[in-house]
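Summarising the annotation, TrEMBL assigns NAD(+) binding site to ASP30, LYS35, THR85, THR121, GLU152, LYS263, ARG330. Residues annotated as substrate binding site in TrEMBL: PHE149, LEU150, ARG151, GLU152, LYS204, PHE249, LEU250, ASN251, ALA252, GLY253, GLY257, LYS323. Residues annotated as active site, nucleophile in TrEMBL: CYS260. Marked as domain 'UDP-glucose/GDP-mannose dehydrogenase C-terminal' by TrEMBL: 316-417.
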Amino acid sequence: MRISVIGCGYLGAVHASAMAELGHDVVGIDVDERKITDLRSGRAPFFEPGLHDILTSATASGRLRFSTDIAEAADAEIHFIAVGTPQSADTYAADLRFVDAAFEGLLPHLADGALIVGKSTVPVGTAERLAARLAEAAPHAHLAWNPEFLREGFAVQDTIAPDRLVYGVADDRAAAQLDQVYRAAIEAGTPRIVTDYATAELVKVAANAFLATKISFINAMAEIAEATGADVTQLADAIGHDARIGRRFLNAGVGFGGGCLPKDIRAFSARAEELGRGESVAFLKEVDAINLRRRRRVVDLAVESFGGSVVGKRVAVLGVTFKPDSDDVRDSPALDVAVHFKGLGADVIATDPEGIANARARHPQLAYTEDTDEALRGADLVVLVTEWREYRNLDPVEVGRLVANRFVIDGRNVLDPAAWRAAGWEYRGLGRP
Ligand SMILES: NC(=O)c1ccc[n+]([C@@H]2O[C@H](COP(=O)([O-])OP(=O)(O)OC[C@H]3O[C@@H](n4cnc5c(N)ncnc54)[C@H](O)[C@@H]3O)[C@@H](O)[C@H]2O)c1
Ligand SMILES: O=c1ccn([C@@H]2O[C@H](COP(=O)(O)OP(=O)(O)O[C@H]3O[C@H](CO)[C@@H](O)[C@H](O)[C@H]3O)[C@@H](O)[C@H]2O)c(=O)[nH]1
């Protein structure tokens, strides 16, 4: 099929490349010229495992091109909207400016029977509003909402082989067109839920609200574990054996960040309040509060251990991205922790395999190095806040030779406390004795 993807960020660049890889003819559109220049020359504008390979193979096949000109989308039968829906600066609501601009920009370029498909995460009610606008401005076209569930770090495989497809549609024709787009996944048995706009929009925010709640639940248990000497990682293993609970997303630590979970639960709360149902999701405020407390806890642990102040202490922060296998530092707990230490007068040096350029752009006041050993050398405290494989696998004996003081805070509970203590380290986890 002929497809356009409007917005080529973490979601759109992967979606465009994956659709072309699946055999569709795709044009990716973005207003950011630098991103389009990168994509045109086969360079992924961000780090995502596997993206470079499908980007270059699809570009070479001639099935994938990129432009900053929305008119280039005119040929497409299906237009995916994948622009950002960030948190508004003044409220917690989703800022729909980019969705509205992309949608309006498409209106003059819609072929007969064209389908606009929303992929961006939006407040419930958005699709209905846009469908009404479409009926008035371009009645020959129609609209669907098809939320995206990909995880950064696994974005390519999650797009090519999603665990489910959700179509919010107003008619069968839209569902049939989407079936053609996702034929490969459907033939492979991917479950497909065809529903109305409101349900599709809600499925997306409900899924993220559930995941965030699960993480904050285990982090709340970590707080109780800290008060009692219990071990939250064993607790998670034990409750996770119950198939009704499940072990995934029960890793306690500095909590969730990124461009999705934090902003999506806040936007969901804001929308529920607008609907007069704020109390139904009031617990999400607690989920958010628990999450933010865990970032502060890391710093408090250090302050306590250093007898009340970290002024002048050399702190090596391992990781700046919100999760491993990504260069994304949006609302990153790791970066927040680094900034907090710096604010308290510590001598912070942060390192990360992929995230330094993005972190430096946001927080130029921090010192960075790409060299893990350099970060560790002379440290009074090592703080592991993003569980990149290279940090999980650090040898406490070797690291012990580099630092000035053997004190580690394991903000992701991924190190073996016994091994680190045996090598002479003071080890502190989050919710582990
Ligand atoms: N990142 C993810 O893992 C992920 C997963 C599922 C859903 N989502 C949702 O997808 C949406 C996009 O998220 P993202 O992480 O890709 O954001 P992003 O900021 O990385 O990308 C958004 C892109 O849209 C472009 N853009 C803005 N206005 C435009 C316009 N009028 N025309 C063309 N391009 C325009 C921006 O330049 C940017 O490149 C959000 O709603 C997000 O919640 C993201
Ligand atoms: O047990 C866990 C699992 C995750 N996290 C943290 O939670 C955050 C989010 O992780 P993850 O959900 O894997 O990353 P995202 O790529 O942001 O993906 C989420 O957000 C996307 C955007 O909406 C959705 O598409 C995905 O389904 C949803 O998992 C990260 O900071 C993780 O470190 C924990 O603290 N403990």
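Cβ from N, Cα, C; glycine included.
Unlike curated records, TrEMBL annotations are generated automatically.
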### Spatial neighbour of ARG151 (substrate binding site) that is closest, considering only the recorded positions THR85, CYS260, ARG330 and their CA atoms
CYS260
### Task
For the domain 'UDP-glucose/GDP-mannose dehydrogenase C-terminal' (316-417), give the DSSP counts of helix residues, strand residues and coil residues.
35 helix, 19 strand, 48 coil
## Note on the structure
Sorting the recorded positions ARG151, LYS204, GLY257, CYS260 by sequence and keeping only those with a Cβ under 6 Å from ligand 2 gives ARG151, GLY257, CYS260
### Query
Checking the binding-site residues LYS204, LYS263, ARG330: which ones have Cβ within under 6 Å of ligand 1?
none
#### Entry: Spatial neighbours of THR121 (NAD(+) binding site), counting only the recorded positions LYS204, LEU250, ALA252, GLY257, CYS260 and Cα distances within 10 Å
LYS204, CYS260
#### Entry: Distance, GLU152 (NAD(+) binding site) to GLY257 (substrate binding site) (CA atoms, angstrom)
12
### Query
For LEU250 (substrate binding site) and THR85 (NAD(+) binding site), what Cα-Cα distance in Å is obtained after rounding to a whole number?
27
### Query
List, in sequence order, the same-chain residues at least six positions removed whose CB sits under 8 Å from that of LYS204 (substrate binding site)?
THR121, PRO147, GLU148, PHE149, VAL166, ASP264
#### Entry: Secondary structure at ASP30 (NAD(+) binding site), reduced by DSSP to three states
coil
#### Entry: Pairwise CA distance, ALA252 (substrate binding site) versus ARG330 (NAD(+) binding site), rounded so that it is a whole Å
20
### Summary
ARG330 (NAD(+) binding site) to CYS260 (active site, nucleophile), Cα to Cα, whole Å, comes out at 9
### Query
So what's the mean pLDDT when you look at the domain 'UDP-glucose/GDP-mannose dehydrogenase C-terminal' (316-417)?
98
### Message
Taking DSSP as the reference, which of helix, strand or coil describes CYS260 (active site, nucleophile)?
### Response
coil
#### Entry: Cβ neighbours within the same chain of ASP30 (NAD(+) binding site) - under 8 Å, at least six residues apart
ILE6, GLY7, CYS8, GLY9, GLY12, ILE36, LEU39, PHE66, THR68
### Query
Three states by DSSP: which one describes LYS35 (NAD(+) binding site)?
helix
